[in-house]
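Here's what TrEMBL has on this protein:
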{"type": "DOMAIN", "residues": "275-346", "note": "domain 'FYVE-type'"}
{"type": "REPEAT", "residues": "20-51", "note": "repeat 'WD'"}
{"type": "REPEAT", "residues": "189-222", "note": "repeat 'WD'"}
{"type": "REPEAT", "residues": "232-266", "note": "repeat 'WD'"}
{"type": "REPEAT", "residues": "356-389", "note": "repeat 'WD'"}
Amino acid sequence: MAAEIQPRPQARKPCLLSKIEAFQEVVTAAAIIPKEDGVISVSEDRTIRVWLKRDSGQYWPSVYHTMPSSFSCMSFNPETRRLSVGMDTGSICVSTAVKSLRSFPPSLGRVAVVLFVLEMEWLLSTGQDRNFTWHCSESGQQLGTYRTAAWVSGLQFDVETRHAFVGDQSGQVTILKLEQDSCSLVTTFKGHTGNVTALCWDPGLRVLFSGSSDHSIIMWDIGGRKGTAIELQGHNDKVQGLCYASHTRQLISCSSDGSIVIWNMDVTRQETPEWLDSDSCQKCEQPFFWNFKQMWDSKKIGLRQHHCRKCGQAVCGKCSSKRSTIPLMGFEFEVRVCDSCHESITDEDRAPTATFHDSKHNIVYMHYEPTTGNLLTSGTDKVIKIWDMTPVVS
């Protein structure tokens with residue numbers, strides 16, 4: 001019997017399904033409610049709103065609640081309908097159906113990230129006071145705290161190993177092993193030159209994605225235990241959100257300039273090489289401008305140092321005059337390569353592994369709902385947009 005060939009999903013341009021525009025201020029965070037075809041949002045005007053889709057296709061507010069302080073972040077669990085919100089004042093409020101259940105002791109600074117872990121009945125939170133804290137979500141009791149080196153701006157949690165992934169403003173990611181009332185430092189790693197702005201953990205691949213204000217994304221292979229870190233360069237502005245669609249093996253990223261990038265992760269990617277140190281060009285041996293001895297001996301003017309993005313060698317401008325994309329190394333835009341590497345790159349090597357789309361608003365927050373394949377973005381234009389990200393099958 002012949003084997004059945006399964007069609008492979010192909011990425012397509014995101015299709016705008018709906019817009020929600022009735023906001024007086026910027027929406028800080030929002031989430032899709034899949035079972036009710038709705039959206040829950042918190043905004044800078046201190047309101048929590050639940051929007052339900054009507055027969056007309058438009059979303060109308062069915063619940064409206066005003067809080068005493070502005071919101072800084074939120075976490076929504078669709079299974080329990082539990083909403084956890086962090087306030088600018090440092091307080092955290094947990095509610096169901098927008099009925100306040102519990103307020104947690106405030107931190108000394110604005111709450112940066114809040115995350116509800118249903119399986120552990122834990123509420124994880126971080127603030128500008130640099131304290132990472134976890135509470136019992138039922139009793140409100142503080143279970144433990146950890147002092148971070150910098151203000152935390154990203155947070156993810158793995159239920160199986162009880163590892164918390166903490167990204168901060170210094171560009172560092174810290175892995176903590178959480179217990180009921182204590183934690184231990186597992187490791188730290190740093191690959192960004194800017195602050196970490198988004199984290200995404202996939203428990204299936206055991207891979208952590210981090211986005212940064214330096215416009216880059218790094219894929220950290222946690223489960224492989226080989227220290228592999230793959231860079232993805234496809235944004236021209238700060239990365240605002242990341243989500244991994246495991247069923248299609250695609251990474252979706254958004255940046256503050258409004259771009260949405262869909263990365264094909266079903267390819268074998270390569271690590272970018274370490275940049276090599278040298279006092280002279282590793283191709284023509286011309287001295288660099290700080291190599292005074294060789295400049296004097298050879299009676300030549302020192303040159304500026306560059307690096308080939310493919311081999312990592314230190315080269316001068318004349319020996320690296322070419323540009324090329326290297327998608328399997330994560331370079332979707334043209335980058336500097338040395339002349340010999342440029343000759344070795346084939347048209348097949350230049351085949352893009354990502355697609356780029358314009359949301360037409362400056363994104364401040366994103367949320368992906370895997371059960372529906374829909375993506376939500378909120379922008380500085382005070383508008384929520386809902387996109388159909390379902391790939392076509394060919």
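Easy rule for this one: first residue shown is 1, then count along the chain.
Each Cβ is built from the backbone N, Cα and C atoms, and glycine gets one as well.
TrEMBL annotations: computationally assigned, not manually curated.
Using a Cβ-Cβ cut-off under 8 Å and counting only residues 6 or more beyond its ends in the same chain, the repeat 'WD' (20-51) has close neighbours at 59-74, 76, 78, 83, 85, 95, 98, 364-365, 367, 369, 371-372, 374, 376, 378-380, 382-384, 386. For the repeat 'WD' (232-266), same-chain residues at least 6 beyond its ends with a Cβ under 8 Å from one of its own Cβ atoms are 9, 11, 14, 194, 197-200, 202, 204-205, 207, 209-213, 215-219, 330-333, 335, 353-368, 370, 373, 375, 377, 379, 387, 389, 391.
Counting residues 6+ beyond its ends, the repeat 'WD' (189-222) has Cβ neighbours under 8 Å at 150, 153-160, 165, 167-173, 175, 228-244, 246, 251, 253, 255, 265, 269, 330 in the same chain.
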